[in-house]
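Chemist: I have a structure I would like to understand better, so I am pasting it below and will then ask my questions one at a time.
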Amino acid sequence: MTLLGVVLAGGRSRRFGSDKAAALLDARSLLEHAVASLTPHVREIVVAGRSDPRWCSVDDAPQPGLGPLGGICGALRHARVRGHAAILCVPCDMPRLPPGLLALLAHANGAAYTAQAPVIARWPVTELDRLEEHMAADGDRALTRWARSIGAQAIAWPEPLANINRPADLAALS
Ligand SMILES: Nc1nc2c(ncn2[C@@H]2O[C@H](COP(=O)(O)OP(=O)(O)OP(=O)(O)O)[C@@H](O)[C@H]2O)c(=O)[nH]1
């Protein structure tokens, strides 16, 4: 069973004030950290919601500006075309992801997400049709609500997970 690694890298970085995917931590951009966190777990990686010549990019679906669910939908479409069974998603703004959490998700059965950060998750390609219907039907863009509605497993990770929303969050990690 193959997994497609996906970095969710769209959004507007309003709280950060500039493009946070390009912000540097330990001389690497946050986007590079995200790609590196996925590398041990997958053979192929795409970046969703951003065009970057270093990696394959996928467009959000059904259109941009819908938040992380749009990135997940676009990545699941790409995964289906490429013959993957599921996607392993990370955001571009959580640079210290524990490898154990990603290993747990990579080996989970079915859909599974991290309770404290549902952008870190595994979504089977078989959920694509339901996600497309969900997004077309009710306009609900809340990731956790969708995850619960499909019965995804919520994984409670016992340690805090650093999330960069504002420049001070990045300074605290540096
Ligand atoms: N592909 C894709 N990723 C998104 C989208 N919106 C947010 N993300 C990603 O999801 C993760 C969490 O994003 P947030 O911090 O909630 O939103 P943001 O727009 O980046 O930042 P704010 O404008 O400050 O809310 C980050 O990795 C974003 O890059 C989107 O519309 N498409």
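Note: Cβ is positioned from N, Cα and C throughout, glycine not excepted.
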Chemist: Of Asp26, Asp93, which one shares the GTP site with Leu8, Ala9, Gly10, Lys20, Asp59 in TrEMBL?
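Modeler: Candidate listed by TrEMBL for the same site: Asp93.
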Chemist: Report the largest Cα to Cα distance, in Å and rounded to a whole number, among the residues Leu8, Ala9, Gly10, Lys20, Asp59, Asp93 that the record lists as binding GTP.
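Modeler: The two farthest binding residues have Cα atoms 19 Å apart.
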Chemist: Just to be sure I understand the contacts, which binding-site residues have a Cβ under 6 angstroms from any atom of ligand 1? Candidates are Leu8, Ala9, Gly10, Asp59, Asp93.
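Modeler: Once distances to ligand 1 are taken from each Cβ, Leu8, Ala9, Gly10, Asp93 fall under 6 Å.
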Chemist: I'm checking region-level scores; what's the whole-number mean pLDDT for the domain 'MobA-like NTP transferase' (5-144)?
Modeler: 96
Chemist: Per DSSP, what is the residue tally for the domain 'MobA-like NTP transferase' (5-144) in helix, strand and coil?
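Modeler: Summed over the domain 'MobA-like NTP transferase' (5-144), the classes give 51 helix, 33 strand, 56 coil.
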